Amino acid sequence: MMKTLPYRLWQMLLGWGFVGLIYSSTDRLQGVGTLLPPSAIDRWIPFSPTAIWLYLSFFIIIPLGYLLAPISRVRWLRAAMQLTALGAGAVYLLWPTTMAYPPDSGVGVSSKLLVALTQVDSLQNCLPSLHMALTVLAVWALSCRQRKLRTALLILWALAIAFSILQLRRHLLVDLASGALLAFLAGWLVQRKQSWRRNATKGEVG
């Protein structure tokens, strides 16, 4: 892994860094967002600032995707993240959305972290959720049929992150669903493109 570390870090910068660029720039360029109503499931899940810890584990699972995925998937992960960012950015500009954020009057560490998060996070850019989309892509890159237990644990981790997003009221269920769908679409398109390139190369060699 040490031999490939510079390459992996570079791909992470190109992929995850590009997402950050799109996310921040669209937040500055978009108009007033449409207020999305919560679903019954959103209303059923109680708000809790303590979910911030699972929410922030997103910043662990994404680097793990680049650092531990098979080297053949790292370029795919970078390209899939970039395509996901472009798709989400287009939606953010064409149809910006927002939601009703609950006030948090807590004084604990979790509440203070949540306050810090709200100061840097966009109040719009809700649908689709890039937090969910990138989590799906990272788990996809790390998944392996030969390592079923690890894959199952990663899926559970992703589901826990999804629940924490809803519990923190950073997104609604529709945001998460659309984010996951966007991730699957982007990942599939990048796979198809890579497969087409491999077949074209084989054809030229043959």
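Glycine is treated like the rest: Cβ placed from N, Cα and C.
TrEMBL entries are annotated by machine, without manual review.
Model, not experiment: these values are computed from the prediction.
Here TrEMBL flags 52-69, 76-95, 122-142, 149-166, 172-190 as transmembrane segment. What TrEMBL lists as domain 'Inositolphosphotransferase Aur1/Ipt1' is 55-188.
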| said: Checking distant contacts: for the transmembrane segment (149-166), what same-chain residues at least six beyond its ends satisfy Cβ-Cβ under 8 A? | reply: 41-42, 45, 51-55, 57-58, 61, 129, 131-132, 135-136, 139, 142-143, 172-173, 176
| task | Provide the three-state DSSP residue tally for the domain 'Inositolphosphotransferase Aur1/Ipt1' (55-188): helix first, then strand, then coil. | result | 99 helix, 2 strand, 33 coil
| query | Taking the transmembrane segment (122-142) as the reference, which of 52-69, 76-95, 172-190 gives the largest number of Cβ pairs under 8 angstroms? | reply | 172-190
| field | Sequence-remote partners of the transmembrane segment (76-95) [C-beta within less than 8 Å, at least six residues beyond its ends] | value | 11-12, 14-16, 18-19, 21-23, 25-27, 29-30, 34, 65-66, 69, 124-125, 127-128, 130, 133-134, 137-138, 140-141, 179, 182-183, 185-187, 189-191, 193-194
